[in-house]
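Here is what Swiss-Prot says about this protein:
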type	residues	note
BINDING	CYS76, HIS79, CYS148	Zn(2+) binding site
Amino acid sequence: MIDKERIKAAVRELLIGIGEDPDREGLLETPDRVARMCEEIFAGLHQDPKSVVKVFQEENHEEMVMVKDIPIYSICEHHLLPFIGVAHVVYIPRKGKIMGLSKLARIVDIIARKPQLQERLGSEVANVIMESINPLGVAVVVEAEHLCMTMRGIKKAGSKTVTSALRGIIKTDARTRAEVMALINGR
């Protein structure tokens, strides 16, 4: 679990390190606030995304299932700044084995709630779906703005990073992959 006391002590030291007075009125409760925030935004560190999976059997359904524009936020593990965007999750069931739609969003949420790389986030989501229901194929496309590119360094506000994780037939069959990307892009 998260050690709130260590987080509070570290935040206090950070404030001192940047030249702030952690005992001034506006900062007095900041260490506690940050510790509580960490408990929430890093909750995925202590959750198994497979624990939310619920599998249904829908006779002979082998057509694409897509949930688009799932809002996401995560924390870039390089700078501990947020990246915010959307995830699109697509899978093609095998022999009618399907997953509840809300479970796709829950998997994304759990995996995003930890220090993360966008590339790994999509890959981990795809792997959980593959391992849970063994579909014919999975695609996870993540579009996000990274505040480490907006607030520091290159300072390119509004730029988006797009990553994809493809598995099964969606990776190996060009026509299927093109259909998935067209659906994601609204064409």
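Heads up, the Cβ atoms here are built off N, Cα and C, so glycines get one too.
Predicted, not measured: the structure shown is a model, and the values here were computed from it.
Features as recorded by Swiss-Prot, highlighted on the structure.
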residue	record	CB count, 10 Å
CYS76	Zn(2+) binding site	18
HIS79	Zn(2+) binding site	15
CYS148	Zn(2+) binding site	16
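Listed in chain order, the residues near the Zn(2+) site other than CYS76, HIS79, CYS148 are ILE75, GLU77, HIS78, LEU80, LEU81, PHE83, HIS146, LEU147, MET149, ARG152, each with its Cβ within 8 Å of the site Cβ centroid.
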